[in-house]
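Asks: What TrEMBL records for this protein is below:
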type     : residues  : note
COMPBIAS : B:83-101  : compositional bias 'Pro residues'
COMPBIAS : B:162-186 : compositional bias 'Basic and acidic residues'
COMPBIAS : B:209-218 : compositional bias 'Polar residues'
COMPBIAS : B:221-251 : compositional bias 'Basic and acidic residues'
REGION   : B:75-124  : region 'Disordered'
REGION   : B:156-271 : region 'Disordered'
REGION   : B:285-308 : region 'Disordered'
Amino acid sequence: MRPLTEEESKTVFTKLANYIGKNLVHLIDRPDEPYCFRLHKDRVFYVSESSMRLAISVAKPNLVSLGTCFGKFTKSGKFKLHVTALDYLAQYAKYKVWIKPNGEMPFLYGNHVLKAHLGRITEDTPEHQGVVVFSMNDIPLGFGVTARSTVDTRKLDPTAIIVFHQSDVGEYLRDEETLF
Amino acid sequence: MDVSEILAEHARKEQAVIVEKEVPLEVDAGFLTVTDPNPIDEESYKANLEEYLQSTARDGVQVLISALFSLPTTSSPDGPLAQLPPPTTQIPRAKPLPKPKPLTKWEQFANAKGISHSKKDKKVWDEEKQDWVNRWGWKGANKAAEEQWLSEVPMNADIDFDPAKKARDERKARVAKNEKQQEKNLLRAQGAGPSSAPPERKREIDRTLATTRVSTASMGRFDKKLEGEKKLKGVKRKFESTEVSSEKEKSQNLSILSKLDREPTTKKAKGGEAVLNVRKAVRAASKGKGSAALARDSNAKKGKKGKR
């Protein structure tokens with residue numbers, strides 16, 4: 001376990017800023033308790049300082065996880081967000097997409113969001129913008145990237161893809177052994 | 001006449017003036033100091049500390065003052081003045097001992113080899129002149145070869161061979177060499193010796209050698225090992241310690257964030273920074289039809305104008 005280097009922090013922050021924009025400050029500068037980012041076995045964990053200090057005393061091979069896993073660094077140095085970061089993304093998300101109840105299951109099985117399943121979408125969402133996907137009763141289901149801007153979606157046919165799937169809560173079951 | 005009373009009085013006075021101790025007190029009149037080397041009398045020390053200390057001090061002062069009165073005096077308008085003898089007590093020196101002079105290279109070598117070196121006299125005896133002359137310097141003996149009116153010329157010498165010039169050049173070279181050595185000794189004494197850091201050229205060579213060693217197809221893995229070749233050491237990565245203070249970490253992260261805000265990395269973010277939202281502007285101008293439609297409309301208008 002170690003703090004991120006400046007390069008790594010930059011990579012993580014640019015990725016997170018894609019979904020939550022300027023709200024990223026609230027993750028770093030929290031009023032309740034100091035939180036920090038820690039790297040352990042290529043995974044980035046967002047953890048309160050107190051529990052990080054407790055984890056210091058655990059040997060490296062024995063430490064499985066701490067705090068919230070935000071994602072992992074690939075071998076080529078890119079940062080991949082995991083569905084475990086969804087809680088924080090949903091809380092601070094800038095652009096949101098709500099899907100109808102009949103579209104929930106297809107999305108949770110790892111499919112893209114189609115126009116037919118689109119319930120609501122934030123106004124002025126640009127193209128290729130990171131968005132968080134909610135069910136109609138405001139339960140976060142996952143996140144992805146918009147295929148079209150809000151305006152362009154109006155003219156599309158119902159089978160067109162609106163949001164490219166990136167991650168969904170179904171992964172908790174599907175990728176159980178590799179996720180954490 | 002009864003003198004016993006006077007005698008008793010005198011004896012008391014005498015007793016008050018003369019101090020008798022087992023070990024005599026040490027008086028240093030030069031420093032006006034008295035040292036009492038006698039062991040402490042434990043009984044009286046414990047019974048009444050103040051009184052014991054006072055009596056010891058009184059004895060010491062008494063001895064000092066009687067020693068002062070026995071000194072030779074000079075008279076002055078303010079009364080007689082005693083002349084203090086030089087102090088006898090040894091006082092530790094205030095400054096540390098001076099450091100030994102750093103040895104020159106020759107001295108180091110001579111010490112290592114056990115060569116004892118006797119200093120040469122500045123004057124040498126000149127048999128011809130029957131006089132003492134300087135070894136060097138003004139009319140020095142080292143210039144004798146240059147001042148000969150006749151000198152032998154070697155068989156294979158050049159035509160313009162000048163024995164005086166040759167001797168002079170050799171002497172000048174010796175002086176120059178000595179000056180260089182002196183300079184080096186001075187440098188070494190200052191601690192900035194030539195051996196303290198490898199010169200730039202050597203470091204460059206080392207770097208090149210290290211690069212070439214890993215520049216083969218197997219990255220140096222299956223190369224023939226030379227004798228005495230050292231193992232290559234890579235650059236070790238350095239990370240900050242895990243338990244940095246949260247305040248420091250927070251400020252670092254915030255500074256990284258502000259840097260990201262200043263120079264957006266993606267093209268999209270660059271567009272978002274601009275004052276004008278191009279996407280919105282195009283939508284408003286084309287009434288929601290898009291940029292392609294807008295371009296078509298403007299082209300069509302131009303075409304009509306041209307026909308008129």
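Positions of Cβ are set from backbone N, Cα and C atoms, glycine also.
TrEMBL does not curate its annotations; it predicts them automatically.
On this model, are these features tucked inside or out on the surface, and what's nearby?
Replies: Secondary structure by DSSP for the compositional bias 'Pro residues' (B:83-101): 0 helix, 0 strand, 19 coil.
Helix, strand and coil counts from DSSP across the compositional bias 'Basic and acidic residues' (B:162-186) read 24 helix, 0 strand, 1 coil.
If you look at the compositional bias 'Basic and acidic residues' (B:221-251), the same-chain residues 6 or more away from its ends with a CB under 8 A from one of its CBs are 210, 213-214.
Within the region 'Disordered' (B:156-271), the DSSP-based counts of helix, strand and coil residues read 63 helix, 0 strand, 53 coil.
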Asks: Residue list, the compositional bias 'Pro residues' (B:83-101) vs rest of chain: Cβ under 8 Å, 6 or more residues beyond ends.
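Replies: Tertiary neighbours of the compositional bias 'Pro residues' (B:83-101) are 28-33, 71-74, 189.
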